[in-house]
Amino acid sequence: LTGVLDDCLCDIESIDDFNTFKIFPKIQKLQERDYFRYYKVNLKRPCPFWADDGHCSIKDCHVEPCPESKIPVGIKAGSSNKYSKAANNSKELEDCEQANKLGAVNSTLSNQSKEAFIDWARYDDSQDHFCELDDERSPDAQYVDLLLNPERYTGYKGPSAWRVWNSIYEENCFKPRSVYRPLNPLAPSRGGSCLLIVFLSWTGLCLEKRVFYKLISGLHASINLHLCANYLLEEMWGKPRWGPNVKEFTRRFDPIETKGEGPRRLKNLYFLYLIELRALSKVAPYFERSVVDLYTGNGHEDAESKALLLDIFRDTKSFHMHFDEKSMFAGDKKGAKSLKEEFRLHFKNISRIMDCVGCDKCRLWGKLQTQGLGTALKILFSEKEIQSLPENSPSKGFQLTRQEIVALVNAFGRLSTSIRELQNFKVLLQQTR
């Protein structure tokens, strides 16, 4: 893989160097911090699109939830919108203030009506979301320690996994005109979840739709890279050995094995990295404010976590070949607005498909990475709101929940790891020749 990527002015070599020497070491440290390692997720939400075909019974599919006693007090207390000690109960205060205002307008409103108005306000807020967010107040939502439940190959494959990706590509993804042929998930030599798409032409597909497809393809490539790099190589006496599987990597990405499609998938991974990198550089002002503490209850660690995050933001700003998101949705206002909404709804649907993944560990990381990308898109489409944020008070026009912040950082960390693992596979492939 070399040269300039399509639809941007950035080359692969520059991204490799920037990621290896600037981003990767720092993002790894940040992901180990308490604020970013605990992610609250509901793995019991039913699939909204087809009858549940059962959960994966392989032991490596299991996710071990974190006991309440292990969660830092500042994370488990208060509301999902908190990021500082002062804002810990901000959601409840906002709800009370909202109800009081409504009551002042019309004192005859019933409590039920007031709650309905508050729900409408929350619904309006959700119109900026590109993802279907889990309700953190649900009894089925649990904290998961991401460091103790790493993303890796679990053995989950075949019809169930194939159906998820098939639904994403065929029903929810803008595609170029193509010959589509899904790999047979029941074939003994090809049991997997990859899709083979032979491209004929991008003709007639606008920039926005090309970008959407590349984001999904890049996410798929990144997930496949993680599985290849953290593969169950053998298990002796109950002790598993995980590591890179060159044969699996070749099957998924080699130009001959994939009929030329593998390198395109990997280029889409780099494109996705650029998009999320751009989002991080754009959201920096949100976190640079003194009101944002990344609150866990441990003042010293919170200060160190914020300092490391701001250091990463400085690096993202220093990158000189960012994707220019202003080129998107730049047509006539009515058409641009309609296309943006179509873009948002397509992606939101994909986030809902993640509840159809039968392997809990795959579902966990699929939901997190999808939500991270959705948060990045939300940021890129909210530049004006971010620039006008108040310095010393909670956000009104733009806000991120802790769930979104954790997903954003960890999703980008996964992309950074993918590109780093790709360098490792290059070395391994050279050694096997």
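Cβ coordinates come from backbone N, Cα and C, glycine included.
For Cys359, the disulfide partner named by TrEMBL among Cys228, Cys362 is Cys362. For Thr154 (FAD binding site), the nearest of the recorded positions Cys61, Cys359, Cys362 in terms of C-alpha separation is Cys61. Under 8 Å, Cβ to Cβ, and six or more positions away along its own chain, Arg152 (FAD binding site) finds Asp60, His226, Leu227, Asn230, Tyr231, Leu232, Trp242, Lys361.
Put simply, Cys362 (active site) is 18 Å from Arg252 (FAD binding site) when counted between their Cα atoms. Distance noted between the C-alpha atoms of Cys61 (disulfide bond) and Trp165 (FAD binding site) is 18 Å. The two recorded residues Trp165 (FAD binding site) and Cys362 (active site) have their Cα atoms spaced 13 Å from each other.
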